[in-house]
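Undergrad: Swiss-Prot lists 33-53, 77-98, 113-133, 178-198, 226-246, 288-308, 320-340, 347-367 with the feature transmembrane segment, giving similarity to another entry as the kind of evidence. Taken from Swiss-Prot, the feature heme b b562 binding site applies to 83, 182. What Swiss-Prot lists as heme b b566 binding site is 97. What Swiss-Prot lists as ubiquinone binding site is 201.
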């Protein structure tokens, strides 16, 4: 008798995706982040669902409803901080996942890569709208500053901003629609994840060497299921530690002050995971130029496959490219630090230099280095 997992119409899909899926035998822990992102999404949807049961999306009561969740709801504080810090964990896994893709040349699977970029934008939009919901000072002013950037679009900019706001400033209508979209988008993300996996399973996984591994495959279960479960435990332990010992470590104290349109905080900044893009935005004195640089800092990932001129897929055997990759990582850390600093000397010039270097490494230095490495190979 054939096993039910191979014959049942629904279980057959699960079986071919998670049980009998052929996977390269050499996958390292860097390949854990896809499944970790799935766990993060599940945690966010579950905690978000329970938070939405107690939250009210009205400017008069939003801040108090979050306080009520933390003080009066059974384990409401755990839900709230799991959700807030779960977002940080989500972005840590996202950035490591993208970094792994860049390092090992996974971007040559262009469909999977492009769906991944769409996912990145969707998660960023979701996180931004979620940050507005507690209706603290940083929520209000962050929403005002970031949505206002759209006014830089020629001709339709101002109308577009007012259309998003639902009025002439960030107010009740804005908060209500942001809550609606914040609730909806994670399910769009979940659907995109299915599409991402569909494309990935068409080609199969890449591996650290970048060499086709069709001749050396092992079943996903039990080898990689066990490996993934270890990843889950490590990540959930880190998340629990953060939530239980230092839940406000990554937050902004200004968000414990209710939103006040008449009082601007001294330093308006987004959550830490957007600081690198915010630093690039601020480093250009022109408003439209800054907005374009902000969008391009993420969208640049879409042209990375076109800039791949190396004869080797992975950076595993390309020491010069490795040096550039880690320089890029250092530049991103620098930008994240600068994004959280006030706009004054010497932070301005450091931010501008780091921004130029960011684009220079990806657009010019990496392709040139690949050409040099190709020449070295043929010697």
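Here the Cβ of each residue, glycine as well, is placed from N, Cα and C on the backbone.
The structure displayed is predicted, hence computed values, not measured ones.
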Undergrad: Tell me, how many other CB atoms lie within 10 A of the CB of residue 182 (heme b b562 binding site), whichever protein chain they belong to?
TA: 21
Undergrad: Which ones in the same chain are close to residue 83 (heme b b562 binding site), with CB under 8 Å and 6+ residues apart in sequence?
TA: 44, 47, 48, 51
Undergrad: Looking only at 97, 201, which of these binding-site residues has the biggest number of Cβ atoms within 10 Å around its Cβ?
TA: 97
Undergrad: By a Cβ-Cβ criterion of under 8 Å, what residues six or more beyond either terminus of the transmembrane segment (347-367) are in contact with it?
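TA: Apart from its flanks, the transmembrane segment (347-367) reaches 279-280, 282-284, 293, 296-297, 300, 304, 307-309, 321, 324-325, 327-328, 331-332, 334-335, 338-339, 341.
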Undergrad: Between residue 201 (ubiquinone binding site) and the residue listed as 'heme b b566 binding site', how many Å separate their Cα atoms?
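TA: Roughly 17 Å, rounded to the nearest whole number.
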Undergrad: Using C-alpha atoms only, work out the spacing between residue 97 (heme b b566 binding site) and residue 182 (heme b b562 binding site) and round it to an integer in Å.
TA: 23
Undergrad: Would you mind pulling the DSSP three-state label for the residue listed as 'ubiquinone binding site'?
TA: helix
Undergrad: Can you work out which residues elsewhere in the same chain, 6+ from the ends of the transmembrane segment (113-133), have a Cβ less than 8 Å from its Cβ atoms?
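TA: Sequence-remote neighbours of the transmembrane segment (113-133) are 55, 57, 62, 66, 87, 90-91, 94, 97-98, 101, 106-107, 139-140, 142-143, 146, 170, 174-175, 178-179, 181-182, 185-186, 188-189, 192-193, 195-196, 199, 270-271, 273-274, 298-299, 301-302, 304-305.
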Undergrad: Could you tell me what the rest of the chain brings near the transmembrane segment (226-246), counting residues at least six beyond its ends with Cβ under 8 Å?
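TA: Long-range Cβ neighbours of the transmembrane segment (226-246): 27, 29, 32-33, 35-36, 39-40, 43, 78, 81-82, 85-86, 88-89, 93.
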Undergrad: Can you tell me which parts of the same chain pack against the transmembrane segment (178-198), counting only residues 6+ beyond its ends and a CB-CB cutoff under 8 A?
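TA: Cβ under 8 Å, 6 or more out: 17, 37-38, 41, 44-45, 48, 52, 55, 57, 112, 115-116, 118-119, 122-123, 125-126, 129-130, 132-133, 143.
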